[in-house]
Amino acid sequence: MKVKVIDRTALILDIFAQHATSREGKAQVSLAQMEYMLPRLRGWGESMSRQAGGRAGGAGGGVGTRGPGETKIETDRRRIRERMAKLRREIKEMKTARDTKRSRRSSSGIPAVAIVGYTNAGKSSLMNALTGAGILVQDALFATLDPTTRRAALDDGREVVFTDTVGFVRHLPTQLVEAFRSTLEEVTGADLLLHVVDGSDALPDQQIKAVREVITDVLREQGEGSGPPELLVVNKIDALDATQLAHLRAQLPGAVFVSARTGRGIDQLRERLAEILGGLDVEVSVLLPYTRGDLLARIHSDGRIISSSHEEGGTRVRARVPRALAPTLSQYAHAGTIGSAEAAGPSH
């Protein structure tokens, strides 16, 4: 009986290939598969050559004669390299478009929250619970490969952009780094990381460690600092008994405990999100000319009005706004009326 034997990297790549849906996701996985295959073609070629009589001194051949297996392997390598070069060009073009889209989101001043976590921790379910997005939820490894972004409003009216990302895994194979590229960029560009942990897992602390190690490595490679603040969310508490839940609460005192399936703890999570993101705002006091109704509209949509009044020179507004919007408003502020606030929440 012939059984196909593959290693861990090949298995993960195969699972990734099954779940890639976007053009970029498929291209990234194809590139990763080819990078994995290329150095492994030699062994197969030598085996084919021996079987086909391509050894030195064989019939019709001399020293240095290549067998048909080796000839085919060189052709395969050339084709794979050409295909890889084409995929890299396509991915570069798609990255430019993605950067433009992310830059547009960033300039809007709306906070970005990246939902990260070990594979199958329930990130998509949590995204649905927070946004009602209706994202496909599967009890499977790497069911989400392509980042999915949705906008939602918190209880205080603040709009937030949530991004559901691919599940992380321990000891990420080097070939998969490129396939993780879009997810990792969403992580490093976020204002807050919502780190989801499977509370029903036997070793949740190992999940947390694995995810943080990957994020730390990526931040180091990109020359970033400590990265965005992190809020730990323990999911699937409906699968725990009272003793198990109490143990986890003691083990992870700064976490929020929820069940995305039943909705338990979701209200508390939304309150915590509003509290942390509120700490990312700055308070401004500006006098906007009546000709700058666009800026007043931005303050209304992206910030929170504390007070406002109409004067001869324009609309005087005191508000809390995202940090990204503050520089645009600074020219209309009096000295010392634009403050700053440091991000709240635990950092990893």
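Think of each number as a place in line: the chain as shown, counted from 1.
Backbone N, Cα and C define each Cβ position, glycine as well.
Features as listed in TrEMBL:
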{"type": "REGION", "residues": "48-71", "note": "region 'Disordered'"}
{"type": "COMPBIAS", "residues": "54-67", "note": "compositional bias 'Gly residues'"}
{"type": "DOMAIN", "residues": "111-281", "note": "domain 'Hflx-type G'"}
{"type": "BINDING", "residues": "117-124, 142-146, 164-167, 235-238, 259-261", "note": "GTP binding site"}
{"type": "BINDING", "residues": "Ser124, Thr144", "note": "Mg(2+) binding site"}
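Looking only at the binding-site residues Asn120, Ser124, Val166, the densest Cβ neighbourhood within 10 Å occurs at Val166. Neighbour list (Ser259 (GTP binding site), Cβ cut-off 8 Å, at least 6 residues apart, same chain): Asn235, Lys236, Ile237, Asp238, Gly265. Within the same chain, residues at least six positions away from Gly117 (GTP binding site) with a Cβ under 8 Å of its Cβ are Lys123, Gly167, Phe168, His195, Val196, Val197, Asp198, Gln207, Val211. Around Lys123 (GTP binding site), taking its Cβ as the centre, 32 other Cβ atoms fall within 10 Å, counting all chains.
All protein chains included, Lys236 (GTP binding site) registers 24 other Cβ atoms within 10 Å of its own Cβ. Counting in whole angstrom, Ser124 (Mg(2+) binding site) lies 9 from Val166 (GTP binding site) by their C-alpha atoms. In the three-state DSSP scheme, Gly117 (GTP binding site) is classed as strand. In the three-state DSSP classification, Val166 (GTP binding site) falls within coil. Confidence across the domain 'Hflx-type G' (111-281), taken as the mean pLDDT and rounded to a whole number, stands at 82.
A coil conformation is recorded for Lys236 (GTP binding site) in the three-state DSSP classification, outside any helix or strand.
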